[in-house]
Amino acid sequence: MLCTLFLLLLALGIVQTTRPCFPGCQCEEETFGLFDSFSLIRVDCSSLGPHIVPVPIPLDTAHLDLSSNRLETVNESVLGGPGYTTLAGLDLSHNLLTSITPTAFSRLRYLESLDLSHNGLAALPAEVFTSSPLSDINLSHNRLREVSISAFTTHSQGRALHVDLSHNLIHRLLPYPARASLSAPTIQSLNLSWNRLRAVPDLRDLPLRYLSLDGNPLATINPGAFMGLAGLTHLSLASLQGILQLPPHGFRELPGLQVLDLSGNPKLKWAGAEVFSGLGLLQELDLSGSSLVPLPETLLHHLPALQSVSVGQDVQCRRLVREGAYHRQPGSSPKVVLHCGDTQESARGPDIL
């Protein structure tokens, strides 16, 4: 795909030249490789006003910026002219879009990156992205209230998909139908922070590796809330102002979790080390800005792979291996402890004592 190739060629050197362009727009040609054998066109038509669409663009355009144009609607006729079918990146952010038609992107068969952030979108048509091999969709800062996971079914052929739904009004996320004709969306990164979710949504069967629920009004995290997310490696539950306690074994469905962020939860109380039961691969734990101050020995017992913990205000604890003054006896294990100090001290402290 064009975006992937673009990133691979960055290391080979870039030469930028200006090309003739539609009045008001800027067209830059970036050439790569030996003897400038490959080129991409980036067209910037931002901040010109709604009259700019549909705008003619060069046939070999890879990225089009239509941001900040006060656009109120986007449909197939706006995005269907010559040069649009090979687009790899499209920026429609900071407009006045309140809706998009189901076929708006149907001709963009090579589109990988789509930015619809900072608009007024209240709903997503079903299967609106199915024609494009998208790998990155930014829908942050809109007015979405109810979103169906099936809306993110793309023509990606198994490639990872990153979806940003942060800063919306989402109170309900509809799970993917178990008997759907199309395969489940390949969402690996999902940002749901700062919405209106009162419970952890059902995300089972998604190949998630990153999930953020920061800033939602979650009142509790029920047992089994993360069922079906065994591949998750990074979970952020920061700034959940309403949550008071975590259930014992609440994360046991996440055996592959490596990073857990529980920072900024001032009402969250310690409920025992059983909360972290089953997190045998967890390496980073952030408890800063919360009332959780567990004993280091307790954490290491339940989290054998733990490398660092943030607690209180600017206190960082790091995993240390104490070798002692004498050589260990054959078969004995070194003593592992958590050494805590301010962030600067932890940054320069040794790993082995």
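In case you wondered, yes, glycine gets a Cβ from its N, Cα and C as well.
What Swiss-Prot annotates here:
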- 18-59: domain 'LRRNT' (DOMAIN)
- Asn75: N-linked glycosylation site (CARBOHYD)
- Asn138: N-linked glycosylation site (CARBOHYD)
- Asn191: N-linked glycosylation site (CARBOHYD)
- 60-80: repeat 'LRR 1' (REPEAT)
- 86-107: repeat 'LRR 2' (REPEAT)
- 110-131: repeat 'LRR 3' (REPEAT)
- 133-154: repeat 'LRR 4' (REPEAT)
- 160-180: repeat 'LRR 5' (REPEAT)
- 186-207: repeat 'LRR 6' (REPEAT)
- 208-228: repeat 'LRR 7' (REPEAT)
- 231-253: repeat 'LRR 8' (REPEAT)
- 256-277: repeat 'LRR 9' (REPEAT)
- 281-302: repeat 'LRR 10' (REPEAT)
- 1-17: signal peptide (SIGNAL)
Tally of DSSP helical, extended and coil residues in the repeat 'LRR 2' (86-107): 0 helix, 4 strand, 18 coil
Rounded to the nearest Å - Cα separation of Asn138 (N-linked glycosylation site) and Asn75 (N-linked glycosylation site): 18
The one of Asn75, Asn138, Asn191 whose CB sees the fewest other CB atoms within 10 Å, among these glycosylation sites: Asn75
Among the ranges 60-80, 160-180, 186-207, 231-253, 256-277, the one whose Cβ pairs under 8 Å to the repeat 'LRR 4' (133-154) are most numerous: 160-180
Long-range Cβ neighbours of the repeat 'LRR 2' (86-107) (under 8 Å; 6 or more residues past either end): 1-3, 6, 46, 59-76, 78-80, 113-129, 131-132, 138
Intrachain neighbours beyond the repeat 'LRR 8' (231-253), with Cβ under 8 angstroms and 6 or more residues off its ends: 193, 207-225, 259-269, 271-272, 274-279, 286
Long-range Cβ neighbours of the repeat 'LRR 3' (110-131) (under 8 Å; 6 or more residues past either end): 1-4, 67, 85-102, 104, 137-148, 150-155, 164, 182
